[in-house]
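Engineer: Have a look at the structure that comes next, please.
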Amino acid sequence: MTTATRVLVLNSGSSSVKYQLVDMADGTRLASGLVERIGEEGGVADHAEALRQVARDLTGKGLGLDSPELAAVGHRVVHGGTRFTEPTLITDEVVAEIEELVPLAPLHNPANITGIKVARELRPDLPQVAVFDTAFHATLPEAAARYAIDAATADRYGIRRYGFHGTSHAYVSRATAALLGKEPADVNVIVLHLGNGASASAVQGGVCVDTSMGLTPLEGLVMGTRSGDIDPGVVFHLERVGGLSADEIDTLLNKRSGLLGLCGANDMREIGRRMGEGDADARLAFDVYVHRLRRYIGAFTAVLGRVDAIAFTAGVGENSASVRAAAVRDLEALGIELDPVHNAVRASGARLVSAASSRVAVAVVPTDEEWEIARDTYRLAGG
Ligand code: ADP
């Protein structure tokens, strides 16, 4: 008899479905892929069709969904609200509760729910698990989670800091402890997840105590196309003086701001190239991005009191030596010293880039959200 040790991880986004098939027995990735342009020209019609495409891809690789070795399916779900603070075995009731959270994440949760429904139709017998982007931040103390607005209004509309990228922050903070040869309980880490979306978190002894994203993923760091922190007064000004609607302002701040809004490019590689050619807009975008990052490093240093490590992760964090260098430049007073040679080396694994004399370790730790989801899923499925 074969034991089922494989977990299919599904990440159903608004216009794409990413999948990865992981064998938990030895951690191997058996297959991965992406179905893009859902509902767009040249793509598949809808999420149901995208999931069927994933199933066909897997069958084509001899790894069909009907395999007895498949133990469970893990679904990334963006918003768990205050209801879901841990990975959760999916039932009809859980699906209904995730649906109730749609107003908190109108762009993300609907696609996640469709992915869950279709996967459950394909394999109704299989345990399926929802792993929430917000869950790792459920430990935030009230002082960090609460916005200082009228309490009754906040409670009525569920307005508080939820945080996102939780699977990445959880994985990277643990991997950073391992890199230092310590238990997560013994280290305080600032995790800087710098991808197209970007967020920072303060993790104290394995427990998340602060994070930069809020009610939505719009708050905090400067991102590829999102503004991050702005004065909320900007929104009223755009409405009253600019005549923009709520939807238009939403699109402006989420899709046409950040690096893209500042210089017309949201890819840090292009910004680096243009800076090399003396492009002033690219330079300013880089400087605004780095300035915000440094503010959060300072803020989270104060939140943690003692910082053992700063971990850079995701596309920009793992690959851009210049962003890392600028983010921690001249912070010797905080015990942070980079080793410029180590920092400049291009490598793929988790590694230290700080000087031997640095009190705070500076690390590059590649994130692995699929692995984190597979691990949570397998555990809940009884593996
Ligand atoms: P997502 O949030 O979409 O998962 P990623 O974590 O893959 O994003 O990060 C994507 C971003 O990483 C790109 O927009 C690009 O700016 C950046 N990036 C990727 N490779 C490099 C590189 N070699 N140097 C600088 N930035 C890079």
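Every residue gets a Cβ built from N, Cα and C, even glycine.
Predicted automatically and left uncurated, TrEMBL annotations should be read as such.
These came from TrEMBL, pasted as-is:
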ACT_SITE  D133  active site, proton donor/acceptor
BINDING   N11, E369  Mg(2+) binding site
BINDING   K18, H193, L194, G195, N196, G197, D267, M268, R269, G315, V316, G317, E318, N319  ATP binding site
BINDING   R76  substrate binding site
SITE      H165  site 'Transition state stabilizer'
SITE      R226  site 'Transition state stabilizer'
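How buried are these features, and what lies next to them?
Structural biologist: Just so you know, the Cβ of D133 (active site, proton donor/acceptor) picks up 26 other Cβ atoms within 10 Å once every protein chain is counted.
Taking Cβ-Cβ distances under 8 Å and a sequence gap of 6 or more within the same chain, the neighbours of N11 (Mg(2+) binding site) are V17, K18, Y19, H75, R76, E369, E370, I373. A strand conformation is recorded for N11 (Mg(2+) binding site) in the three-state DSSP classification.
N196 (ATP binding site) carries neither a helix nor a strand DSSP state and counts as coil. Cβ-based neighbour count (10 Å, all protein chains) for N196 (ATP binding site) stands at 17.
Taking all protein chains in view, 22 other C-beta atoms sit within 10 angstroms of the C-beta of R76 (substrate binding site).
Here the Cβ of H165 (site 'Transition state stabilizer') has 29 other Cβ atoms within 10 Å, regardless of which shown protein chain they belong to.
Long-range Cβ proximity for R226 (site 'Transition state stabilizer'), meaning a same-chain Cβ under 8 A and a gap of 6 or more residues, is found for G197, P217, L218, L253, N254, K255, S257, G258. Under the three-state DSSP scheme, R226 (site 'Transition state stabilizer') falls in the coil class.
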Engineer: What's the longest C-alpha separation between any two of K18, H193, L194, G195, N196, G197, D267, M268, R269, G315, V316, G317, E318, N319, the listed ATP-binding residues, in angstrom?
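Structural biologist: In whole numbers, the farthest two Cα atoms are 24 Å apart.
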Engineer: Go through D267, E318, E369, the listed binding-site residues, and name the one with the sparsest Cβ surroundings, counting other Cβ atoms within 10 Å.
Structural biologist: D267
Engineer: Would you kindly give the Cα-Cα distance separating N196 (ATP binding site) and H165 (site 'Transition state stabilizer'), rounded to the nearest Å?
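Structural biologist: About 12 Å separates the two Cα atoms.
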Engineer: Report, in whole Å, the straight Cα-to-Cα distance of D133 (active site, proton donor/acceptor) from R269 (ATP binding site).
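Structural biologist: Just about 27 Å between their Cα atoms.
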Engineer: When you measure from the Cβ of V316 (ATP binding site), which residues in the chain that are at least 6 apart have a Cβ under 8 Å away?
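Structural biologist: The list for V316 (ATP binding site) reads L194, G195, A198, M268, V323, given in order along the sequence.
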Engineer: Measuring Cα to Cα, tell me the gap between E318 (ATP binding site) and D133 (active site, proton donor/acceptor) in whole angstrom.
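Structural biologist: Cα to Cα, E318 (ATP binding site) and D133 (active site, proton donor/acceptor) are separated by 20 Å.
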